[in-house]
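As written in TrEMBL, here are the features:
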type: BINDING; residues: B:Lys11, B:Gly12, B:Gly13, B:Val14, B:Gly15, B:Lys16, B:Thr17, B:Thr18; note: ATP binding site
type: DOMAIN; residues: B:3-157; note: domain 'AAA'
Amino acid sequence: MQAVVLRGNQDGYQIVLDQAAGFEEIKEKLRELLDNLATDSPVTDKISFDVLSPKRLLTADQHQQLEAIFGTYDHFQIHKVIPDVMTIEDATRLKEQENVHLATQTIRNGQTLEMKGDVLYFGVINEGGRLLTTGNIYVMGRVLGILQAGYPSSEDKIVIGDFHRAQQIRIGEQINIVEPDEVPDDAQTVAYVNDLHVLEYGQLSELKTINPKMYHQMGG
Amino acid sequence: MGKSIVITSGKGGVGKTTSSANIGTALALMGKRVCLVDLDIGLRNLDVVLGLDNRIIYDIVDVVEGRAKLAQALVKDKRFDDLLYLLPAAQNTDKTALSEEQAKSIVDELKKDFDYVLIDCPAGIEQGFLNAIAGADTAIIVTTPEISAVRDADRVVGLLEKNPLKEESHLLINRIRSHMMADGDAMDIDEITHHLGVPLLGIVLDDDEVIATSNRGEPIVLDSDNPAGRGYRDIARRLEGETIPLMKIQQPKTGFWARISHWFKRG
């Protein structure tokens, strides 16, 4: 395979960079290719290329170098660079965000359990304890402390379960101090942030109207 | 090799020092060699409760700073032959005079000579607390049936779970007022134990005599009829591995004449 290949399909033009070729070689071949293009078929319209980089992650610096090469031609530009691979760090983050995590440990006064993604919680949160996550929280344990979903600022997250004895419910930046008898003593309660950015409580049966996106994700 | 037990609570005034003195004395009465270590540096008072305050020559900071040998600083309680000793805290410095390593090395040294090393922890969760748990094999968490004490105990249990000791901690519920518990005005024993999720070691009833005797420098366990003293003796026996049922919380009985006069008052 050549270091740089030009392809065209119905979506437009693609330039495929061979992962086995050195980056210097790719730059050289790319210049050659673009030179040929510019001289062979003089064009007046701007052409955007998708640069495919299978099995190779380009660094920010390499990105800039590619941009610089395209920048020397008036009619060529990069639409986007698409790699087929991702770093383990990104993959882990993605995995953490997509999965539902189980937690069972007791969270005591003064302790904060910080998690990523959705959390299914079976443990006990005592007064002054805090469960914090970037995603949704589903509680089955005894909650006397603070639940914080959508940390730090995702207001589309929800909390489901029995949390009528919790001290506070927080979603994104919205905080509700739970007053006695404010939240029903019921494991089917849903806490969510409404269109007016106010934290509200509803019933699980109303999830379809509360958060249609999530309702459909769950297969409802 | 003995066992070191830290007596801690988080909140002040729940009876850590009284419990240390009484559990230590009860163990000594059972023939165990016990050393009480006061780590409440700057605010020592375990010596006072034991009636040993006039015998202090050197203290724990003197030992750490090399002014005295460990054996020199130990104060012997003459009431119990060669069984009960106290390592007093320093009075003229603060909790930072001691590091965790130093506290641990002293406790380790004492464990060689004694069956039990009881460490009286200061209130709070700062350096003094860290020093106290550094050398401990296990902990007794003292609380009272009050929400503030239970909340602080929960915090301490959390901290101990983060840095686990060799053995599981135990709970001591102190100053139980039987009539309040019977009326439902105080937190229930089961409720506290369940809430904290720590096994219960024992309960001690609130009794005026506890204060009266400690003012005289005599631990309440020396009074064989006192219910609070019995609570501490039961705890000491449970530490020794005996199985003893929990003391029943009884309401003070109203006498015949008291009941008669109650009728008249009602009318």
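Cβ atoms here come from the backbone N, Cα and C positions, even for glycine.
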The domain 'AAA' (B:3-157) [mean pLDDT, rounded to integer]: 94
Listed binding-site residues (B:Gly12, B:Gly13, B:Gly15), ranked by Cβ neighbours within 10 Å, top entry: B:Gly15
Environment of B:Lys11, B:Gly12, B:Gly13, B:Val14, B:Gly15, B:Lys16, B:Thr17, B:Thr18, the listed ATP site - residues of the same chain whose CB lies within 8 A of the CB centroid: B:Ser9, B:Ser19, B:Ala123, B:Val142, B:Asn174
Spatial neighbours of B:Thr18 (ATP binding site) that are distant in sequence (at least 6 apart) but have CB under 8 A: B:Val49, B:Asn174, B:Val210, B:Ser214, B:Ile220
Of B:Lys11, B:Lys16 (the binding-site residues), the residue whose Cβ has the fewest other Cβ atoms within 10 Å: B:Lys11
